Every structure is written in structure tokens, then in C-alpha cells.
Amino acid sequence: MFRRLLIATVVGILAAFAVAGFRHAMLLLEWLFLNNDSGSLVNAATNLSPWRRLLTPALGGLAAGLLLMGWQKFTQQRPHAPTDYMEALQTDGQFDYAASLVKSLASLLVVTSGSAIGREGAMILLAALAASCFAQRFTPRQEWKLWIACGAAAGMAAAYRAPLAGSLFIAEVLFGTMMLASLGPVIISAVVALLVSNLINHSDALLYSVQLSVTVQARDYALIISTGVLAGLCGPLLLTLMNACHRGFVSLKLAPPWQLALGGLIVGLLSLFTPAVWGNGYSTVQSFLTAPPLLMIIAGIFLCKLFAVLASSGSGAPGGVFTPTLFIGLAIGMLYGRSLGLWFPDGEEITLLLGLTGMATLLAATTHAPIMSTLMICEMTGEYQLLPGLLIACVIASVISRTLHRDSIYRQHTAKHS
């Protein structure tokens, strides 16, 4: 047991450095090509001329597509081993390391050029890769899946500063690939990754800064639960739209570079209306949480961002949709809150409360992981007073979504790439 805890600690350290490496590579490319040192792609887009704002995501998609197509031609065959940690956990616990690194580099290109796709997917993949590489060298074969799971959880903890949610991500989303009794090493890896990440970044701040002064009462619980019902209906719709967009891009029968370039061009066109569509949505979420906009502004940014996410994910841009889903949930919750705020004197607090609820419940509706989704929002914002209400709402959202749409976003992703 002591040996496993020691290895879990090493995996956590490796994962933290893998995440930090990807993050610093992003910052370097943004500084080189966008003259942006703020770390915010929305700020970068705001400072660009309209034509550069239009073309940059398309050029990034084109470069990523050329890289992926070039690698396919170089290998002359599909890789025998997976390039995704979920696939690796469902098979024999092995990666195609070279192909996975190429995929991560392609993700780096599309993320730093403004595509509306999550950077955290590549971070978690690199963390799992680092764990797998270490495991194959120093541990027996039957433990490889466990250490990949530890790496994925640690990567999630370092990326989102949410070690408990990262651990439960393994238990809920990847349930069946490992025993719950093995969660001890997973939790150790996640916590160590968070601590090392804090040391690297010289900060232990929460991912999102929220000033929620409301004390949750009976009325608020009713509003939270009703938001869960709304998210349970919206989750399957979002998954259906993503699947339809992917099929639409595939039906065009474009070569990968042109398909990714088209997705990037759509993002560029949308960014002419609002630069908030650039990136994974982190900075937009923070600005909404700091000062919730008016209803029409939320609606406009929401529609543009939704189309940008659909274009990016549908075109096959390598990256995650976890953080974009958080923004979509926030916007849905805030739109609902703004509508209800007309009837209550404390409309601003209701809007913020239901925005946070929307983040958790839409995440639960798309991942079918209510406990992880609840803890994720609490850990990212520090608003643990919301935990009881969010847990009920997330369970409701997950049940409704699972009834209407059998597959979660991760099962849908695996089926799409199998």
C-alpha cells in the first residue's frame, strides 16, 4: 500500500508539471503571435484588427489540420494504441505516445489561435501520458490503468484546482474501468498535483472569484431545483446539436486541414460581433460572475459563443468541451435568473446564484456525473454553502438528461472516435 501511495505522489508531481508545461507553451505562443501577455484570449481578440480577428482561428485550424494529416501520412496507418485516456482505460492501458503528443500539439495550435475549445482536455491528456510513461517503466502491467486514472485525475485537479472533483470524475465518468477501492491513490495524486501546481504558479487562489452574499433559503432551493430541471432539458439538446454539427462537417468530406480551418473561420466571423467567443470561455465566465450583464447582452454573447463551440467541436478541433460547457450553463442559468429577477427585489443575487447553478447542472446533464459536477463548482468558486442545493439539482438534471439522451458527452465522444 505504501508503494502505491508513493507512486501516486510521483504521478501527481508529473501531472502538475505536464499541465504547467502546456499552460506556459500557450502563454508563449500567445505572446509571439498575438502580442498578448495577459493570458486572456478575449483580450487578445479585442486588441486585434478585424481582419486578424477573422483569420487567426482559421489559420490555427489549418495549421493543426496539416499537422494531423501530415502525421497520418507519415505513419501510413491509424495508431494501434489509443490517443485518448478514456480509450486507454477501456482497453489495455497503453497509449500511442507519439500520436498523442502530436494531438496535444495540434490542440495547442487551435487553442492559442482562438478556437472555442477547451485547453484542459490536452492538459489532462498530457498528465495521463506522463503517468502512463512512468507506470510502464516502473510498475506491473495490471496496474497501468490505475496510474492512467491517477494521471487524469491529477491533471484535472491541476487544471481546475479541484482535486475532489477530479477524483470523482474517475469514479463517475469512467466508472467500471477501475474499482472504487482504488480511489485512494487517485485522490493522493490529485491533491499532490494541486499543491505542486500552486507552488509552480505561486498562487493558491480559487479558479473563479465570486462575491455571493445571499444566504440560501427555501425560496432559493426551489429556484436552484427548477434550474436543475431546465438544465436537464438543455443538456440533451446541447449533445444533439454537437452530434449534428459533427455529422454536418463530416458530410462536407473536406480534408482535415480545411475542415478545421472552416471551423476556425466560423469562430472568426462570430468574433467580429463579440471577441468573447474566442477561447474556452474562462475569462468570459469570470467577467459574468464579477458583474452579471443585462439580459440582452447575456443572450447575444450566449448565442455567439454557442455557435462558436458547435463549430469548433463539430469541425473536430482537438480539445475539450468541459470549460465551454461551464460557460453555456452559466449563461442559461443567468438568463433564467434575469427573467425571474423581474419579480424579485434581489434580482442581481438571484442571477448570480442561478448562474452558478446552471454551471453545475448543465455539467451534470452532459456528463451524467452529478456528484463530480456539484463538487467541481464548489471547489472552483469556494461557495460550499450551495452544496446541498446543487447536489439535489445536479441529480435531477442528470436523471432527466439520461432519460432523454442515453449517452453522456464522454461516451458520445468515444463512440464518435471509435
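Heads up, the Cβ atoms here are built off N, Cα and C, so glycines get one too.
Segment annotation: Swiss-Prot labels transmembrane segment over residues 222-242 (candidates 96-116, 222-242). Sequence-distant contacts of the transmembrane segment (380-400) (same chain, at least 6 residues past either end, Cβ-Cβ under 8 Å): 160-162, 206-208, 210, 212, 215-216, 220-221, 224-225, 227-229, 231-233, 235, 289, 353, 356-357, 360-365, 368-371, 373-374. Stretch with the largest number of CB pairs closer than 8 A to the transmembrane segment (146-166), among 5-25, 222-242, 258-278, 291-311, 352-372: 5-25. Among the stretches 258-278, 316-336, 352-372, the one making the largest number of Cβ pairs under 8 Å with the transmembrane segment (222-242) is 352-372.
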